[in-house]
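Undergrad: Here TrEMBL flags H86 as active site, proton acceptor. According to TrEMBL, the Ca(2+) 1 binding site annotation covers D87, V90, G92, D94, S96, E106. What TrEMBL records for H211 is heme b binding site. Residues or ranges marked as disulfide bond in TrEMBL: C55-C133, C88-C93, C139-C331, C218-C242. Taken from TrEMBL, the feature signal peptide covers 1-44.
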Amino acid sequence: MHGGPFNLQTCTRAIAMAASASFLIIRCFCLVLVVALLASGASAQLSSTFYDTSCPNALSTIRSAVNAAVAQENRMGASLLRLHFHDCFVQGCDASVLLNDTNGGEQNALPNAGSLRGFGVIDNIKAQVEALCPQTVSCADILAVAARDSVVALGGPSWTVPLGRRDSTNSSAALANSDLPPPQFNLSQLITAFGNKNLDPTDLVALSGAHTIGQAQCLNFRAHITEPNINPTFAASLRANCPATGGDTNLAPLDVTTPNTFDNAYYTNLLNQRGLLHSDQELFNNASTDSTVRNFASNAAAFTTAFTTAMIKMGNLQPLTGTQGQIRRNCWRVNSS
């Protein structure tokens, strides 16, 4: 075997010739190499230590900026968490949601227009990180880390964020409209939408727990006020700020109990038919996810474990790695050539 590297192509030829005993050792070595190559290609290329050498202060810089933004406005924590979710559900976690595209980009899609927030915070973080390490830390990774730090800033759990995502060069309103589950979805539709992203029903219930913080617009919960599976007193309190007509942008907390604290009160609210959105209450409505909601309502640790596990799974959705995509200099636009 002289005259070239011992690579996969060489192995293929050797394996084909391995009928004779003289090639048995080569065959065994080649099979091991093939399996190793396939395994490395299939495994995730993200790593929690991705920036340890190239930008060692990146994570602390992101954390400080998120803490400052949330201290100024509690709601910002929920907004940054939602940005990460809305990014990952549309063509993977690639910061496509941040592209300021007036020609059919995700920001103009129905689930996003007029409701996504936090772009200025992300731009500020990106500017700080670029000053430290030019064109090194992706906007997609900033979103993933900012989501984690937002949860922690509001009293929730922490988790290790795998890093190494790169940024996309395109954004699609059509995909956002088709892939992001709207608040009027029933349980079956929610399970399907999350299943399409390789997230199971437990992940669905756990990730919905992000609604323990943040607010929703009247437009998105008006119809639920008149549905039979809502606490009448709760419905009446909502109607005061969300009339049958008008007031579409009026806000109500997704978790009326502890709206600015990341905890498991969201699930207790569902047990008492105090879910703000139709899609919230669908998780506890005499169906298959009822037992999971009960478990999370009674066991905060179970919720924490399931939520952090689901966030890591979601953060691994179709990341661009290696030489795919780019590291944007500004999160809101593609790098010019």
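Every residue, even glycine, has its Cβ placed from backbone N, Cα and C.
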Undergrad: Around the Ca(2+) 1 site formed by D87, V90, G92, D94, S96, E106, which additional residues qualify by having Cβ within 8 Å of the site's Cβ center?
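TA: In sequence order, the nearby non-listed residues are H86, C88, F89, Q91, C93, A95, V97, S168, S171, L175.
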Undergrad: Within 10 Å of C139 (disulfide bond) by C-alpha distance: pick out those among the recorded positions C55, H86, D94, S96, C133, and say none if nothing qualifies.
TA: D94, S96
Undergrad: Relative to the Cβ position of C242 (disulfide bond), how many further Cβ atoms are located within 10 Å?
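TA: There are 23 of them.
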Undergrad: Spatial neighbours of C331 (disulfide bond) among the binding-site residues V90, G92, S96, defined as Cα within 10 A: which are they?
TA: S96
Undergrad: Calculate the distance in Å between the alpha carbons (Cα) of C93 (disulfide bond) and C55 (disulfide bond), and round it to a whole number.
TA: 20
Undergrad: Could you check which of these disulfide-bonded residues, C88, C133, C218, C242, sit within 10 Å of D94 (Ca(2+) 1 binding site), going Cα to Cα?
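TA: Matched disulfide-bonded residues: C88, sequence order.
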Undergrad: Hey, which of the recorded positions V90, C93, C218, C331 is the loneliest by Cβ count within 10 Å?
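TA: Comparing Cβ neighbours within 10 Å for the recorded positions V90, C93, C218, C331, C218 has the fewest.
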Undergrad: Out of C88, C133, C139, which of the disulfide-bonded residues has the smallest number of neighbouring Cβ atoms within 10 Å?
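TA: Lowest Cβ count within 10 Å among the disulfide-bonded residues (C88, C133, C139) is C133.
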Undergrad: Taking only the Cα atoms, work out how far C55 (disulfide bond) lies from S96 (Ca(2+) 1 binding site), in Å, as a whole number.
TA: 23
Undergrad: Which of the binding-site residues V90, S96, E106, H211 has its Cα closest in space to the Cα of C133 (disulfide bond)?
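TA: When the Cα distances are compared, S96 comes out closest.
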Undergrad: Cα of the residue listed as 'heme b binding site' to Cα of the residue listed as 'active site, proton acceptor': how many Å, rounded?
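TA: Rounded to a whole number, the Cα-Cα distance is 14 Å.
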Undergrad: In whole Å, how far is E106 (Ca(2+) 1 binding site) from C242 (disulfide bond) when you measure between their Cα atoms?
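TA: The Cα atom of C242 (disulfide bond) is 27 Å away from the Cα atom of E106 (Ca(2+) 1 binding site).
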Undergrad: Write out the long-range same-chain contacts of S96 (Ca(2+) 1 binding site), meaning residues 6 or more apart in sequence whose Cβ is under 8 Å from its Cβ.
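TA: Non-local contacts for S96 (Ca(2+) 1 binding site): D87, V90, G105, E106, S168, N170, S171, S172.
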